[in-house]
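**Q** Take a look at this one; I'll ask things after.
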Amino acid sequence: MHNQAPIQRRKSTRIYVGNVPIGDGAPIAVQSMTNTRTTDVEATVNQIKALERVGADIVRVSVPTMDAAEAFKLIKQQVNVPLVADIHFDYRIALKVAEYGVDCLRINPGNIGNEERIRMVVDCARDKNIPIRIGVNAGSLEKDLQEKYGEPTPQALLESAMRHVDHLDRLNFEQFKVSVKASDVFLAVESYRLLAKQIDQPLHLGITEAGGARSGAVKSAIGLGLLLSEGIGDTLRVSLAADPVEEIKVGFDILKSLRIRSRGINFIACPTCSRQEFDVIGTVNALEQRLEDIITPMDVSIIGCVVNGPGEALVSTLGVTGGNKKSGLYEDGVRKDRLDNNDMIDQLEARIRAKASQLDEARRIDVQQVEK
């Protein structure tokens, strides 16, 4: 198998968003946000359930009005994944969704109202054991910080975040996480680095407004990858102008690439050349779609010829190495069989599903033995 990442994660305190642990070594949680009208309960519930199916640990929902808060109550009753309510300006909305079982409040203490209103929200969160996310964004910095720094800078984002952190500290509230997002990769990365040195609360990572499905995924992979490789980050969202389901897929792909957290199949495939003995690209594309339901962590290498194929297969759960008319199939580094190149997709799908079932059963037995 491929080596696990030698990443030493930053030490942080732990909070819980619903039943999902955040920080203190817990698995890095992958989040997304709905883009439906929250008042359209059916559409929002359907989107949240779609996110659940692809592995979302947490889902954020914008709650801009009291009507949306009433809709949130109905939404919460119909889904299982923990929900974060995204709230700005009106403290009463925060109090209302707290009544309806929200799992986390995303607010900026600076725009939620005066000191008394902030205290009311924090006291309510404390009483109901609801964590808060302080969300600082380069696009909405306080006016005095814009004037002081002239433009968003890492120091400006840090100062904004620390204002809000200090505010919660004065109210003796410790159950919170912090984000300092920007659309510029280097601005976001340096802001998180500075913040990580200042506080020990969990950090929520993101490159905000990253872009469309392709460009946004690239920017997020670079920015989040840099931070995660340094051990910074306890939860993340990949922000894309695309179907939110894609955010979850890209988020897990980033974690899989860094060997931090695996969910489903990690496909290793060659870019192809004239040496390929079967349709590698078509095979990989078809299998990625067919096997989206597999959540068992496993490496599958699909290489079109014998130049690199055997080497990759040696360190893969399953590996295929292209050959004339038939290709070699490896399991756990050992050559087991040959597959007909003309029926590669169906054969390989069946082998992968069988291997996933075998691994799941082995893990189930291991858990039972530990429990005994």
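If you go along the chain as it appears here, the first residue is 1 and each next one adds 1.
Backbone N, Cα and C define each Cβ position, glycine as well.
So Swiss-Prot lists these for the protein:
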BINDING   Cys270, Cys273, Cys305, Glu312  [4Fe-4S] cluster binding site
**Q** With DSSP assignments reduced to helix, strand and coil, which class does Glu312 ([4Fe-4S] cluster binding site) get?
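**A** Helix, per DSSP.
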**Q** Around the [4Fe-4S] cluster site formed by Cys270, Cys273, Cys305, Glu312, list the extra residues of the same chain whose Cβ is within 8 Å of the site's Cβ centroid.
**A** Pro271, Thr272, Arg275, Gln276, Val280, Ile303, Gly304, Val307, Asn308, Gly309, Gly322
**Q** Taking the Cβ of Cys270 ([4Fe-4S] cluster binding site) as the centre, count every other Cβ atom within 10 Å, in any protein chain shown.
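**A** For Cys270 ([4Fe-4S] cluster binding site), the count of other Cβ atoms within 10 Å is 20.
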**Q** Provide the number of Cβ atoms within 10 Å of the Cβ of Cys273 ([4Fe-4S] cluster binding site), excluding the reference atom itself.
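**A** I count 10 other Cβ atoms within 10 Å of it.
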**Q** Who sits close to Cys305 ([4Fe-4S] cluster binding site): which same-chain residues at least 6 apart have their Cβ under 8 Å from its Cβ?
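**A** Residues satisfying the criterion: Cys270, Cys273, Arg275, Gln276, Glu277, Thr321, Gly322.
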**Q** If you draw a 10 Å sphere around the Cβ of Glu312 ([4Fe-4S] cluster binding site), how many other Cβ atoms fall inside it, taking every protein chain shown into account?
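**A** That number is 21.
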